[in-house]
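What TrEMBL says about this protein:
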DOMAIN    3-275  domain 'Phosphofructokinase'
BINDING   Gly11, Arg72, Ser73, Gly102, Asp103, Gly104, Ser105  ATP binding site
BINDING   Arg21, Ala22, Val23, Val24, Arg25, Arg154, Gly185, Ala186, Glu187, Arg211, Lys213, Lys214, His215  ADP binding site
BINDING   Asp103  Mg(2+) binding site
BINDING   Thr125, Ile126, Asp127, Arg162, Met169, Gly170, Arg171, Glu222, Arg243, His249, Val250, Gln251, Arg252  substrate binding site
ACT_SITE  Asp127  active site, proton acceptor
Amino acid sequence: MKRIGVLTSGGDAPGMNAAIRAVVRKGIFHDIEVYGVIGGYAGLMKGKIEKLELGSVGDIIHRGGTFLYSARSEEFKTKEGQQKGIEQLKKFGIDGLVVIGGDGSYRGAKALTEQGFPCVGVPGTIDNDIPGTEFTIGFDTALNTVIDAIDKIRDTASSHERTFVVEVMGRNAGDIALWAGLAGGAETILIPEDHYDMTDIANRLKKGHERGKKHSIIVVAEGVVSGYEFAKQLKEETDFDTRVTVLGHVQRGGSPTAFDRVLASRLGARAVELLIEGKGGRAVGMEKNQLVDYDIIEALGKEHTLDMNLYKLSQELSI
Ligand code: F6P
């Protein structure tokens, strides 16, 4: 392996820059040339590829977003698109590719690997929904952004004795809602992994009010129901003065936390090691604070599982 590429794809996540930096510096440390693909798989198909030097990744470890840009590409889901990508990589003499992204990015990496081009997947998404790792790059930062917002909402909720519905990201995975809800002391947490019963929720909130609770915070993952729709349903069951906050893409930005920077550095560097060892077609992760790697095809076959014990705990503590 003399020349490797690196790209970021799908929704950006804080810490992606730290991961790119690790790939570049680890590669150069081992006398490997590193090329950056600009704009994810869409840029790859167009040959938007440039050589990265040590200085190219200076002053980025603390920055959110991704300096290589990111995109979601429909064309790359096709075999023709993937072949275009492989042709470009070959044109630049690149022998292996590190793909930093979420499940869609992994599917692209899996397709390239199946067609003979070795890729290593690095989990980068705020959703924390990639199998084969306990934490994905960006999750911790997003979580802290949400908690910061919930703490602020709590101040105004308490002053006005209101109920707040906070909608967070997570179409299929409830990790952000669950962890933020638990850390933010929410009364109710709605996750895509469980159904909800409006009457039951309303009764629990009413009981809390009867006991003297002056305000309530409900965290809703976007994949369950929209915050506004939920507030409408709640209005039908209660007379609570309710407001809605949709946090949206604010959750995707910001300077990565120390945890995300360290995670990104470790995973990015490990991905390069795997390519050096000739182990393409892998996905790296962190389990019990140890670096692990799985066959990328198998990793995608596995299911991400939410920590149901944590969910149970959140319910027990929010009575
Ligand atoms: O996958 C990351 C994520 O932020 C999800 O939580 C969210 O549902 C989605 O991306 C939003 O995607 P887009 O930025 O394309 O609207």
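Cβ coordinates are placed from backbone N, Cα and C, and glycine is handled just like the others.
What TrEMBL says about a protein is an automatic prediction, not a curated fact.
It should be emphasised that the depicted structure is a prediction, and the values quoted were computed from it without experimental measurement.
Where TrEMBL records a feature, it is marked here on the structure.
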residue: Gly11; record: ATP binding site; Cβ contacts under 8 Å, 6 or more apart: Ser70, Arg72, Gly102, Thr125, Ile126, Asp127, Arg252
residue: Arg21; record: ADP binding site; Cβ contacts under 8 Å, 6 or more apart: Val57, Ile60, Ile61, Ser265, Gly268
residue: Arg25; record: ADP binding site; Cβ contacts under 8 Å, 6 or more apart: Leu54, Val57, Ala269
residue: Asp103; record: ATP binding site; Cβ contacts under 8 Å, 6 or more apart: Gly10, Thr125, Asp129, Ile130, Leu300
residue: Glu187; record: ADP binding site; Cβ contacts under 8 Å, 6 or more apart: Arg204, Leu205, Gly208, Lys213, Ser216, Ile217, Ile218, Ser318
residue: His215; record: ADP binding site; Cβ contacts under 8 Å, 6 or more apart: Arg154, Ala157, Ser158, His160, Glu161, Arg162, Thr163, Phe164
residue: Val250; record: substrate binding site; Cβ contacts under 8 Å, 6 or more apart: Thr145, Ala149
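Val23 (ADP binding site) sits 17 Å from Ser105 (ATP binding site), taking the CA atoms of both as reference points. In this structure, the binding-site residues that sit close to ligand 1, with a C-beta under 6 angstroms from any of its atoms, are Gly102, Arg171, chosen from Gly102, Arg171, Gly185, Glu187, His215. Counting only the Cα atoms, the space from Arg243 (substrate binding site) to Gly185 (ADP binding site) is about 17 angstrom. Across the binding-site residues listed here (Arg72, Arg171, Lys213, Arg243, Arg252), the residue whose Cβ sits among the most other Cβ atoms within 10 Å is Arg252. Considering only the binding-site residues Ser105, Met169, Arg171, the residue whose Cα is spatially closest to the Cα of Gly185 (ADP binding site) is Met169.
Within the set of binding-site residues (Ser73, Ser105, Thr125), the lowest number of other Cβ atoms found within 10 Å of a Cβ is recorded at Ser73.
Annotation for Gly104 (ATP binding site): spatial neighbours Ser9, Gly10, Arg72, criterion Cβ-Cβ under 8 Å with sequence separation of six or more. The number of other Cβ atoms within 10 Å of the Cβ belonging to Gly185 (ADP binding site), over all protein chains shown, comes to 14.
Within the same chain, the residues at least 6 positions away from Met169 (substrate binding site) whose Cβ sits under 8 Å from its Cβ are Ile126, Asp127, Ala142, Ile176, Ala221, Glu222, Leu247, Gly248, Gln251, Arg252, listed in sequence order. All protein chains included, Asp127 (substrate binding site) registers 27 other Cβ atoms within 10 Å of its own Cβ. A straight line from the CA of Ser105 (ATP binding site) to the CA of Arg171 (substrate binding site) spans 16 Å.
Cα spacing between Arg171 (substrate binding site) and Ser73 (ATP binding site): 19 Å, rounded to the nearest whole number.
DSSP assigns Ser105 (ATP binding site) to a helical segment in the three-state reduction.
Highlighted in sequence order, Ser9, Gly10, Gly40, Gly101, Arg107, Gly108, Thr125 have their Cβ within 8 Å of the centre of the Cβ atoms of Gly11, Arg72, Ser73, Gly102, Asp103, Gly104, Ser105, the residues recorded for ATP, and are not part of that set.
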